[in-house]
Amino acid sequence: MTDKGNNGVDEMQVDVYTHEQRKKGSIPEGFNADYLKLYYAKLFPHVEIFKWMSYGNDGKHPARDTSYFGRREFSFTLDNDVYLRFQSFNSAAELENSIKEKCPFKIDIGPVYSVDPAKRHAYAQAGDNVFKPVERELVFDIDMSDYDDVRYCCSGADVCLSCWPLMTIAIKVIDFTLREDFGFNHILWVYSGRRGVHCWVCDGRARRLNNEQRAAIADYFRVYKGNENSHRKVSLAGPAMHPFISRSYADVLKLFFEEKLLCGQELLSTEERFQMILDMIPDESISGQLQERWKASWRPSMSKEDINIVRWGQLKHILQSGKQKAPVLRRCVEEIVFTYTYPRLDMEVTKHMNHLLKAPFCVHPKTGRVCVPIDPEHCEDFDPTSVPSLAELLEELNMAGSSNADSGWEGTSLAKSVSFFKSSFLQPLLKSCKVEMESKYNDAKIQEMKNSMSW
Amino acid sequence: METVSAQKRKTTASEPSPSLPLYRSAPELEVSLDDFELYAIDRLRVLKAMSDGLSRGKKPDEIGALVTELWKEHMQHPNPSDVMNKDIISHFVLRLVYCRTEDLRKWFLSMETTLFRHRFRLESLEVQRMLMSEFKLPFKALSNSEFEAVKEKLGQVARSINQPLPTVDSTIFKVPFEEVPELVAGRRVYMLKGDAYVAMNQVASLVVTQFRSHLSKALVLTNRKWTSMIQEQEKDRLTPIVEALSSSYLGPDYSQPKEYAEISIKDIDRVANSSFPLCMRHLFDKLREEHHLKHGGRMQLGLFLKGVGLKLDDALAFWRVEFSKKVGTEKFDKEYSYNIRHNYGKEGKRTDYTPYSCQRIITSTPGVGDHHGCPYRHFSEENLRAALSKMGVSSRTADDVMDKVRHRHYQLACTLTFEAIHSCSCDAGINHPNQYFTESQKILQQRSQAAE
Ligand code: SF4
Ligand SMILES: [Zn+2]
């Protein structure tokens, strides 16, 4: 019934919106090549992307690697579904011109190879393994459609404000762990434009990880043991939890589960739903007891308290009371929370250096929304439904009008995103690249001195 | 007698010397050509038996016991002072044998590393420390005050993996996490700001990583030397021996379909029903049902089908028919066909194009939404029983199968299933899904010939 209500509201809003739009004499929502052309011409932050992908090697420092940017793979998906892999560029201008000319519906970023990927065939003859990835950001890809068994509001490609907290949780858990446990500092989170988030870890140390080390990090984050063919999804067996696991639980998962998801997703409201949770209790007498109680108590409760909260309290009480000696039972509450909240990573993306990932600031062809960065420190406030869309931006561009035609994204609602990207991510990153380059240079100099004296 | 000599290796007699060499440089030893070959064959016996054990899905402690036994059996020498020499020489000879292709290097590297790991564990703490210092690992043990600061967390990690709690007297090393990927992957260490806190009883992992990376680099160098000079210089002496040794390598190779090969698309459903092992049958059914498989599933099934003899064009057609129902033909051609062509070595680098063995499948870790892996290992009991009964396995046999599963003998469980379905015994046991397929086809063909 709530569904119906929602729809009504949505329709109304849409009406109002189109009305307003018409008043402004404006641009209908949607996505097409013409919009995109304008977007790449006026709004897309070409220079910033180039600066990022250069990691300081575009500067004047004597230790810079002038071939660095040119060995990076870009790949374009064009309007007619043509897929161009292994594109490479030697300068900011080349990149920008190519994007403007080809107008890709999607831009993917791959690794930095040992040689210019566009010329890989020339090297292929030369012998084994000349052409191979040598650097790549550590990346994570989290997709809402992997959570379909634990959300009831939408499924597949759809997201809404009541399931989005799942993404917020993923950002919080992963971001903090990457910083605290792994010591990484330069981490960029990006909305994937539709139903998920991407994470780019850009520290030099992260970029140089080999596949085995990437897999180790991915596995460090793994708590899901089985798949849909086995019942128990999360297994936290063992006499204690690893500090990373217990911290994630205490600082993030528990809170979000109890304050957002439990009621937001009504996890215990109907029999079908609470049965899924009861099935995770390894002691049938306990789950049976709760089941009976909950089946019977479906009268609009005397207390005003939310039924989900009441039931969760009962479940916790019974499992965590002093009577339960078996550790499997005590751990069961945590396992339930993990199953319903813990980040679900696409492991393959993280494990392999040569996986492609969509570039930030692309526009998602289905939603027309821009893949904007997300501030991990305020990720609770991120609202996927209010991310600037292509049509809105072009509208704003129109409004800004001919007065200053070259202002680009400044003055549009993309400004906030681009300046966040620059000030919170790019600047600190480039600063540390410079430091790293400096020390590499000095080391090389010292080595040189040693060599010159060692004859 | 003809002899071979190589460069120098220093040994200091006075120290309590470990029985485990690090093989850092080739030995200066005179050795007869006969010994050259015999030593190598003995070591190869050890490595191969280990490799078999691993592919049967043996657990680390079982492999450990196996290594000890094999070493005793093959690597002794009547003259005690020659034991070490035999160890070193055989290792260096096999380097020559196994340096020559990526696949050979990979196999040798992984077997020697496993061997080293288990031998290292058997050494005393004192010797372990010595070996560690020989590697010149730049890691210092925590000071008392550093230890106090993280004591609680270290204790928590130790409890989480059932290890004894560390005390002030425990030696704990702080190392960059990149050095101990396997400990990180298993969350067996405390992590802080990029450092892993490694207990003394875990340093094996650290040393093994070093050993592995040294050996990996050395093999590439050896390969270069081999092709640039040794092969030619030694063409009358070592080269023939080395070549003979390398052909005695590994078990059967399933990357190229064998005699019963070549199936075409129209047969695929029939043979899937009669001759696919459960892991492939499950993928096959899921593909037909959902018209989609995630990456892990595509690889496992795709390479298997290649091994079974499905030609590239047929494979493309097969996958396209299914995927296009879900994602459309265009998306398939754009995003998925590359992958399939790659498996057949038509695009990109031909790195990993051999069909997966049971061991690899059993140790894979399918995630949410994945269907690859080995059902005996990765299904719940209930789902496995259902799948078995769908294959026509009686519930009595299913009990036997479940019993094997409970003892984690997944391949034996699969073997029992094979025997039940084909009503004949399979003494070799199942080691590879393509072997399952081949054996099954063999039996079915014999039967149909007999019937004619
Ligand atoms: S034992 Fe091997 S062949 Fe049998 S199902 Fe498992 S992986 Fe497949
Ligand atoms: Zn939703």
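In case you wondered, yes, glycine gets a Cβ from its N, Cα and C as well.
Here is what TrEMBL records for this protein:
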- B:CYS279, B:CYS358, B:CYS374, B:CYS414: [4Fe-4S] cluster binding site (BINDING)
- B:270-437: domain 'DNA primase large subunit C-terminal' (DOMAIN)
- B:1-21: region 'Disordered' (REGION)
### Message
Counting across all protein chains present, how many other Cβ atoms fall within 10 Å of the Cβ of B:CYS414 ([4Fe-4S] cluster binding site)?
### Response
28
### Cβ packing number for B:CYS358 ([4Fe-4S] cluster binding site), 10 Å threshold
26
### Query
Can you name the residues of this chain that are 6 or more positions from B:CYS374 ([4Fe-4S] cluster binding site) yet have a C-beta less than 8 Å from its C-beta?
B:LEU278, B:CYS279, B:CYS358, B:ILE361, B:ILE362, B:SER364, B:TYR410, B:CYS414
### Cβ neighbours of B:CYS279 ([4Fe-4S] cluster binding site) where a neighbour is any other Cβ within 10 Å
29
### Query
Taking DSSP three-state, what's B:CYS374 ([4Fe-4S] cluster binding site) in: helix, strand or coil?
coil
### Query
In terms of DSSP three-state secondary structure, what is the assignment for B:CYS358 ([4Fe-4S] cluster binding site)?
helix
### Residues within 8 Å of the B:CYS279, B:CYS358, B:CYS374, B:CYS414 Cβ centre (excluding the [4Fe-4S] cluster site residues themselves)
B:PRO277, B:LEU278, B:ILE361, B:ILE362, B:PRO375, B:TYR376, B:ARG377, B:TYR410, B:GLN411, B:ILE430, B:PRO433
